[in-house]
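K.L.:
A single structure is presented below for examination.
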Amino acid sequence: MVMQERNSNEDNKVNHGIDNIYVLELDLDGSVLFASTNFSQITGISSLELTGKPAALLSSDQEIFNAAIEQLLDDDSHSVKIHTVISKLPSLEENVFVQDEEMELQSKSVELDCVGVLIRDPLTSRPSHTLWVLQPLKPTRITRQEIGQQLTETLGFGAQLLAQHLEKLQTVPSTDSLPPFETVLCRVCDHEIQNWYFEHHTELCLLIHHAEARAQEANDLLNEQRNALQSLLDSLDDQIEPDVSYLGVPLAAVLPSSITSSAKSNSRSSLSQKIRNYISNMLFDAISYTDSCLAIHLPFIPESTTREDNQPFSEIRLLSPASEVFNAKTLSWCLPHIDDPGLQLMFENTDALVKKKLDAINRLSNIIYYSERVRCEIEDQVQTIIEQSIQVDGYDEPLSTTTPTLIEPIQETLMTQSPIIECEPFNTVKPSVSPEEVHDISQFNHRNDPPITAASVDSSNSFSVHRSSTNHSSTNSGSPNLSRRNNLAIPIASRRKSVSAVNTLYGVGSSYTSESFPFSKLTVPVERNSFRETESPKPFLSRQIGISTLSSNISSGKGTPSIQDYEIIKPISKGTFGTVYLSRKNTTGEIYAIKVLRKVDMISKNQVANVKAERAVLMAQEESAFVAKLYYAFQSRDYLYLVMEFMNGGDCASLLKSLYTIPESWAKIYIAEVALGLEHLHRLGIIHRDIKPDNILMSITGHLKLADFGLSQLGLTTRQLRLQKGKNNILSPPSFQSPTALGDPGDNIASSPLILPTSVSAFSYDEKSQKQKTELATFTTYKEDDTTTTTRTSIDSISSKYLESPVDSQKVNRTPNLQSVPFFRQPDAPKRFVGTPDYLAPETLRGSTQDDMVDWWALGCVLFEFLFGYPPFHAETPEKVFENILANNIAWPDLEMYPCSEEALDLINGFLQPNPERRLGFSDINEIKEHPFFNGINWDDIFSHEAPFIPAPETPLDTAYFDSRGAGAAESNMSSSVNSGEEVSKDNNVSQERGSQFLRSSHGRSRERSTSARRSRRFSEANSEFDEFGPFSYKNLSVLERANRNAIEKIRSEIAGKLHISPPDPHIGYTPGSDMPSAKLYDQQLTLSPSLMTNQGSNFSSTDSTPRKSINSSDVESRSKTDGPKSMHDLIKQLHMRKHSSHTNQSTGSSESDDLFNLDLPISNLETSYPFKIEEGQASPLSSPLSKTPPFFSSSVPLKALICVSKLNLFSELIKLLKSYKFQVSIVTDEDKMLRTLMADEKFSIIFLQLDLTRVSGVSILKIVRSSNCANRNTPAIALTPTRIDINAAIPRMFDGRLYLPINAFLLRGYIARLCNK
């Protein structure tokens, strides 16, 4: 396992919206044990530096945290809430401006609302530490006396909604007709949440899901380590001498004395056997250790469960009994004392990964416990307020009447509806495990999929929900700012201790009608004998008014994606390994493209590594503007599901098929956009390796995105390897991290789900005993007529006919090469090259290192095909294609028939250089950008200009641009699969036997290497239901969080009494769930008739009836004279006239993702948003941004805009837009003058400030302005970021918005309307 820091490119990726929520752990003395990374935004000190320091140094009231801890120690049955002010010292860069003696920099203070709970040690039940969640104090306009000051501050604007609901209750004649609360769908967990609690729920929900993502990542890392150890164990069977290494360090180089003492007396074969057994035993120990940890599943609370009403809150179980046993077993494991460096490194890395997962689960457990406790206390307070309000209004119905109540049993359908999540019933017989054996996460429930991202915490900081059985009376000593959450401004008539909290926690009341639970669609038939009749108090009124809608616990299985959450509309396209379906999400009506892959096909065709790589790449680019987005990933027993953007513009192969060739002016823009996308990928260490027209998709705006990362390689590029060679003996790949999985301080193992140092490419064994291979190249995985074929032979011996052979027919044990092995490389896979034959680089065919230069070669092939209509090395057979590539025999057409500029020819020749070191782009991307072919291209704002061709689908569901490729035959199969619950129910039965299988397989040990290998494989099979693919689960939290934030803003606007729609961030299109109809994009194009642009793969197929890539001269001439377009108008007309054309050619893609088509934005509420209408003041992004002044803007005063940037030419488009909106624009490029201008007496209407200035950041400049009393202290400020690399950087709270290149006119207009029209 290679330890390394995060890649610098990832440091700026902070998830939107969660930056104002801080997590803090304090020991009982008030010292900091842990602080979330974003806490440094308040303190100015990094989280690592903050660890160990007293919390008293942070707060203006030095005793407030200690007083709160004392109250928690006295009685931890409730949380404690405090208000404090934390001051931030000026950073070093701000001191640059402290040159004028008259100017003093003021410190930034933040008033925080802090809520803490006590955490107890699971072994001793003694207090261990406290957990705090801090957030800025929410200002409220109205404080309702009937609600109470403290609850008003906690709920923010939700308190006004609650007060409005209380007013409604006063008009209700009886308790039988109490109105339910209005609810809002949480996009993160898919629960309907009451509107007054929605904002608070969003914060807690995001905390839980980000912690869950970290736990998932940690599990992925551990699972890859286990696979690497298993491969090492298997390799012992294939060697005469046990010569195995881990991360380049030989294993068993230093033998124990028991083996060395008998070395002389034993024969060589006997000694080798002893060494082999010794290594095998060590590997088996490490594998057993990882299996124990992998068997521990994510903690979560089920939707409903059978419980007693008097069950204490502390007895909530978040782990299954089996997971508790595995947890105790894992914690009891000790590192063996070994002198051998290789084995010691192996055990240390394994132990670090195990602890990383345990710590991640531990922290997730703490957050779940905290969230549920806080939620229950808030609900308890609201419950009491409502009951008192009804009693005061004179209801005669008693609230404490004793009546028979039926306790509903576990709803198994709710707990098994997802193919990923399984809830183990609480009535399962518990194993005989003593409290000493059940360690820190002993109170968690069971989840089917292995937990999964990473947090760093010392494992001694255990979590437990045990607390003292004695409930002390509440005291309120200490600081006057300290207050109990259960102390309301009005007295609570019936403090139900933790009973009502547990009632709501377990969903008691779920048997009520759908009016109380409008979000619940799943019901379970109730058998009379399954109920238990008891005498209990009458249910609280909250159950009658729907308050327990709030009780939907955040981490339940309902929040996990499942195919049953979607309506399958129709198939879009069918490929070799699966089918893409147009689908609508049931809860929101949004449109997605779901890629469905059959597991059996993926395994038999050796595509497991490819689909893993594709998911990993997409996860790392949640909001990339260059890559089609992945929203969800999940699996069932038989299928994998990738929920993607639906890009109804088709792909470039469709465009080529309709036009035959693409005009050079169009090709210039398209190639430039693809080049920017490749630059983005290469900076992240990602090599696409399958660039071709089929994998270049077109959005609704006509701009391009890359797709199909099934053949991608993730790791160091050759240039990165050259830079690192000589510095370290072991080369480590760059670290990646999904913005969803925000890391914590101390993540020193690996912070990424992408690059796993413990994959098989990280270890090697000696190849001396292996048979030397003499082939020039090995060929594998081509698709022809939906058939995967594989051959391994030399280029000279390839037969004239393309041969087929089983995928796994030849398996070679070899030394994996870190420089050329693709991510998730299977240890027994044959050495191979990957890609589509027509676009393969010569170094790929020769079997040499494949680095990022192969993508530039492929881009040259794409440019050639754009201009001439066929690939440059096209031939009748794949063998001849390979020969042409190696000989650099480019099939140039007659340039008189296909006129082309000298610059285009030079660019093609530059890309198609056989020597990678002479190929264009070898030095850097600037070689390409500065080429004369791209003269006139503004690389900084290319995406802001109108595309050459803009698709015009007739409806949001229009798939006329796609070739179904026989997908219609799969529609019935998919429908039956989705509608049948058989597969899901079967999935949930698998893990019922895991615990017993694991325990049975762990007894005893075989000393024979083959037996050990077989047993370790059985370990894996018993431990993971989805062993081949691992925990295939993912949510794009960045997009879902933004949807929640938009909903919150909408509620706020409604409360304020005026309509205010916050413009969405342009880099993700319109946010899912946004009320702004995304279908407005189609409005101005409805008069155009879309062309039917069917897809044809760009791969070679000898059976094509009308091959697009033929270079027959007569065909070229005929096409040029009859079908060739003569002008841009003719091109567009030609596209429109092809709407009803039919192409029957079958495509032959090179990877399973050829059929992936995506859209720039999910489209919601299609039935109500179509036909489309653009409201006044909501101009379509497709309209000209300079056409008119924003009609929604009105101001009687002159508008002044100040632009502070270092390079004026980068933001020329912004200046044009502002001037078109009648602004007086002032521009400052000198950084010192920026501060003086802002501090002067002239007041501006709006400020645009660049963040990444040369000497000091724009954040620091604005800090000084905000802390002063100058005229622009409160002037709205927009942050400017020159590149899309900063796309995931959070907006500093002092800014009012953010713009990045290319400037989005629609977003700018929204900012102007919101900030300058007051």
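Our numbering is plain: 1 for the first residue shown, then up by one each step along the chain.
Glycine residues also receive a Cβ, built from the backbone N, Cα and C atoms like all the rest.
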K.L.:
Which range is it, out of 302-322, 533-553, 1058-1078, that shows up in Swiss-Prot as region 'Disordered'?
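P.N.:
Residues 1058-1078 are the ones Swiss-Prot records as region 'Disordered'.
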K.L.:
Across the domain 'AGC-kinase C-terminal' (935-1044), what does the mean pLDDT come to, as a whole number?
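P.N.:
A mean pLDDT of 60 is what the model gives the domain 'AGC-kinase C-terminal' (935-1044).
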K.L.:
Measure from the Cβ of Asp690 (active site, proton acceptor) and count the other Cβ atoms within 10 Å, all protein chains considered.
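P.N.:
For Asp690 (active site, proton acceptor), the 10 Å Cβ neighbour count is 28.
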K.L.:
With DSSP assignments reduced to helix, strand and coil, which class does Asp690 (active site, proton acceptor) get?
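P.N.:
Asp690 (active site, proton acceptor) sits in coil per DSSP, no helix or strand.
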K.L.:
How many of the residues that make up the domain 'Response regulatory' (1200-1316) does DSSP mark as helix, as strand and as coil?
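P.N.:
Residue counts for the domain 'Response regulatory' (1200-1316) by secondary structure: 46 helix, 24 strand, 47 coil.
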